[in-house]
Structures are given as structure tokens and as C-alpha cells.
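Input: a single structure, listed below in C-alpha cells.
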Amino acid sequence: MKILSAEQIREADQYTIKYEPIVSSELMERAASKCSEWLRKKYDIHYSYQIFCGVGNNGGDGLAIARQLFQKGFDVKVYQVAFSSKKSPDFILNEKRIQDMDIPYKIIKRPSEFPPIKQQKNIVIDTLFGSGLNRPARGLAADMISYLNQESRHTISIDLPSGLFPEDNSENDMDFVIKARHTLTFELPKLALLFPENGPFVGQWHLLPIGLHPRFISEAETNYHFLTLEEIKPLLQKRKKYTHKGSFGHVKIVAGSRGKMGAAILATKAALRSGAGLVTAHIPGCGLESMQTSTPEAMVEENSGTNILQESSVETTGYSLGIGPGIGKDHSTKNFLRALLKNCKSPAVLDADALNIIAEDESCQKLIPALSILTPHPKEFQRIAGEYKGDLEKLQKQKDLARKLNCIVVLKGAHTSICMPDGRIYFNSTGNPGMATGGSGDVLTGLIAGLLAQGYSPENTALIAVFLHGMAGDYAAAEESVESLIASDLIHQFGKVFRNLIDS
Ligand SMILES: NC(=O)C1=CN([C@@H]2O[C@H](COP(=O)(O)OP(=O)(O)OC[C@H]3O[C@@H](n4cnc5c(N)ncnc54)[C@H](O)[C@@H]3O)[C@@H](O)[C@H]2O)[C@@H](O)CC1
Ligand SMILES: Nc1ncnc2c1ncn2[C@@H]1O[C@H](COP(=O)(O)OP(=O)(O)O)[C@@H](O)[C@H]1O
Ligand SMILES: [K+]
């Protein structure tokens, strides 16, 4: 699914109006009815609504939502926040409709007119600004936003939390952005909804399709995508009858040190459960017994080091390598990694301490095979890419790094972003906070290495693995809870994930 800019979304609205064709007020009516349906599904008739409208089309949405809820018998109060006299034509039309009905409607011109916010079974609908915001909120609008943030316990924003720009908020004044519990956004996700720093404003967001013209969307150019099931399903290969273990590649997990063998075991098990034909774990001697006992399906190759990985020759030809979980940063491990990378000619997966080591050693970065997949979490990313001010700058640094190293950079977190060397970025749609638990990254490393071994391109490997990993997290959380989820649970869910994706 594409992520478009505010400008492109405006064009998509206009294109839909012209070529569907549909009059703009009808498009607004359609958008509003998606919102009121969503609200009615979630909140029963005992809930009341206080709807705060600006004077543009976002405010127009608010007026139409108010009318639709009122017609269904809900207790609705509507407020126009008169921060400007320039009302949009569709706002004026909907204002007229509301005034012709018996819906309580007040115009707020100054803060002393702010109404009390009902606390019990009451929803505040925020339609002050949507994608038309062109400067930070000031004056009456800013005061209204502060007041609602202070008084309302249950705010739902339409299209965007008012005050938030759809992409770049680096120059915004975040004191004057609505803090919503839910954001109902139209048709396509906006970049700002995917940034962790905007989480407190956006709350949980939901996509409501409003039937923008598919031709415009399919022809629109963008570097940003939202990764959904529809994109992933066609990428998956079904196993053929006359295949054998040699058909599914050989993974080598290079991982572990004393006290951190769990990382190696999790990555190895994940590689096995990803469907790789063979998996070998290259580990320090201290891990031999635990690995063989916990994971009898894997072969073990003992490093010359007892407690850490140190210089020894490792065969890399014919393997998909997953390097880094739990290896530490000992001087001898650094030398080992350098020699390993020098030797390795095909794309590998680099994670955890492998990334921390290359972060400190620029010359080592040049040894990373082209189209390798790097999987830093935000702290590891900062070590390699340097400091950044906000999430937009972080994204730019991610692009710079992917281009510089000619690698795929998977920046982990909620909505993990996957950046290709040419600058395309995919944001993941699966996963949940239950996955913020030690070892879940190691599982991802094993899964990526396992898919890579089976012949998926590095690009498709990264997309599929991140999506499946999150899906496994969602299944695990649904079966147990986000609180109790541990990394091994993810591996246990791989079976169900594959079955649902490939066989369905
Ligand atoms: N036909 C359409 O184009 C559709 C538009 N829709 C809604 O329309 C919204 C966009 O509407 P608009 O473009 O009218 O803009 P908004 O309603 O988002 O913004 C309101 C107006 O306020 C002004 N403004 C911007 N920043 C301001 C500030 N800081 N202080 C004071 N005034 C400011 C702008 O000139 C803008 O016209 C979308 O977010 C969506 O909610 C939906 O109804 C779907 C259909
Ligand atoms: N809040 C969250 N929502 C979705 N996914 C998350 C969240 N927090 C963490 N994850 C996922 O869990 C994994 C954590 O990886 P990482 O930080 O490397 O853990 P570890 O090093 O302990 O294995 C990543 O794949 C990340 O995307
Ligand atoms: K809004």
C-alpha cells in the first residue's frame, strides 16, 4: 500500500471528484459515513458526542459525522471553533444542513466560551484541522487544542490529530497537537502516523477506505510503502513435490558467547522453523552442549574460542550467514568478524554486536557483502548512523546508510522500516509491544537467514521476514497476552503463520 504526501492526497481527492465522478460534498459524506459507522460499531447508544470543528473540510467532516450520528439517535453537541472566517464551501453546505436540523450547535470565538467536557461515556471528536494544516496552530485553535488535551479523556481525531502535519513535524510546536486515543485516517496511511515520536498524539490509528480513485493511486509515485498481507502473499513460494533438503539452502548462524548462548539458540531454531534445508550453528565451545541438547536438528561447528568467537577459519561459500546475536565485542571477536566478512561474498544478515562492531570500525563496513541485510534496533542504528533529531531525520539517515553500504537496512521497532539501497522504504504493519522482549530480534535474524537460504531475493527476504515475524507476534499475543510474550513463542507460531499465508 502506498503512502502519499498531503499534496498527492489533495490531488487524489480532486482526481476522484473529476473522474469517478462525484461531487466533493458527496465524497465528504462518504468519508463521514465511514467514520460514523466505525464509531457506532465501537460505542453503543449510551455514549454522547462533543464534536469540535474547524472551518475547512476537516471541520466539514465533523459536521457531517455529527448529523449522521444525530440521525441515529445519539446525543450530539457540535462546536465551530471560529479561528478563521474563511469557511470551505463544503463546510458551509454542511453547516446549513446542521442548522436546518435540531442539533445543538455553538460557535466558539474565545476561550471563555469553551464548553465543559463531559467525563462519563462521552467521546470528543476532533475535526479542527486535517491534512490542510499549513502552519503550527496558534491563537484560538491552539488554546482549544490545549483545553481538549487537558479536559478530554477520550478524543478521537478524524484524518489526523489536529495540529499534526502529515509528514514533517520537525518545526512544529508539539504543545499544540491533539492527543487522541484513536485516529481514523482516510484511505492511505500518512507518514507522520508511523513515527514512534508521534505515538502520544496519534494513539491507535485505523484506515478507513473512502474510495479514492484507484487509477490515481496506482500511478502515483512514492518511495514510501505500507507493507500489508496483499503485498506479502504473492511473494511466497510454495514447496514443490520433488524437492529435498538441498533445495532449501544451508544457513550458518554465527552467534553466541558465554552467558549469551540463548541468542544463538533462538536464531538457530528460527532458521530451522523458517524452512531452511540445513542449519549449522558456528558457536564458541562453551555452547556446544546447550545447542545440541536444545536444538538437535542443527549441526554445530565449534569455534576455536571457548567463551567467545575468535579467529578461526569459517567456510562461507554455499551458506546464508546470520551473524551477530550475542557475540559480544571482545578484541578477538572483532578480528574474527573482520576475517569472516572478508571471506564472505554473498549477502548475509548482520545483527546486534556485529552491528556494534562495524559501527566502531568504518573500514569493516566496506567488507559487508552487497545487498546484505542489517537489522539494527534504534540504539544500534544510532551507533552506526549517528545522532538524529527526530524520526524524519532518522529516516533520512536510514536511506543514507542503505545507499552508502549498498545494503538493506531494517530499522526495528513498532512499524519496522525496511530501506532498500535505492531509497524505497517499507513500513511494517504487523507486530505489537509484546515483542519488546529480549531475544525477539535474534529470532528475526534466524528467520531472515533462513528465507535467504531458500532463494528469496534479499529484498523479498527482508519484506517477508519482517512481516511474518510481526504476524507471529500477533498470533502469540492473541493466544496468551502481550505482557507474557517471550521470544520462543514467536518461533512456535511460525507454523501457523506459514499455514495461513501459503496454504490459504
Ligand atoms: N473533498 C475532499 O477533498 C475531502 C477532504 N476531506 C477532509 O478534508 C481535510 C482537508 O481539508 P482542508 O484542505 O480544507 O483543510 P483542513 O480542514 O485540514 O484545514 C482547515 C483550513 O485551515 C487553514 N489553516 C491551516 N493551518 C492553519 C492554522 N495553523 N491556523 C489557522 N488556520 C489554518 C487552512 O487554510 C485550511 O483551509 C482532510 O484532512 C479530510 O479530513 C474528506 O472530507 C475527504 C474528502
Ligand atoms: N512496540 C513494538 N511493536 C512492534 N514490534 C516491536 C515493538 N517493540 C519491539 N518490536 C519488535 O521486536 C524485535 C526486537 O528486536 P531487538 O530490539 O533486536 O531485540 P533483542 O535484541 O532482544 O533480540 C524487533 O523485530 C522489533 O521490531
Ligand atoms: K483532525
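The backbone N, Cα and C atoms fix where each Cβ goes, and this holds for glycine too.
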Exercise. Out of Asp90, Asp100, Asp126, Asp143, which one does TrEMBL list together with Asn58, Ser162 for K(+)?
Key: Asp126
Exercise. Can you match one of Gly386, Gly441, Gly446, Gly450 to the AMP site that TrEMBL gives for Lys412, Gly413, Ala414, His415, Thr416?
Key: Gly441
Quiz item: Beyond Asn58, Asp126, Ser162, what residues of that chain have CB atoms within 8 A of the centre of the K(+) site's CB atoms?
Solution: Phe52, Gly54, Gly59, Gly62, Thr127, Leu128, Phe129, Gly130, Ser157, Ile158, Asp159, Leu160, Pro161, Gly163, Ile178
Quiz item: Can you tell me how far the Cα of His415 (AMP binding site) sits from the Cα of Gly60 ((6S)-NADPHX binding site), in Å?
Solution: 31
Quiz prompt | Remaining residues near the recorded AMP site, that is with C-beta within 8 Å of the centroid of the site residues Lys412, Gly413, Ala414, His415, Thr416, Gly441 | solution = His377, Leu411, Ser417, Asn428, Gly431
Quiz prompt | Spatial neighbours, same chain, of Ala414 (AMP binding site) - Cβ under 8 Å, 6+ residues apart | solution = Pro196, Gly199, Gly431, Pro433
Practice problem: Give the three-state DSSP assignment (helix, strand or coil) for Asn134 ((6S)-NADPHX binding site). | Solution: coil
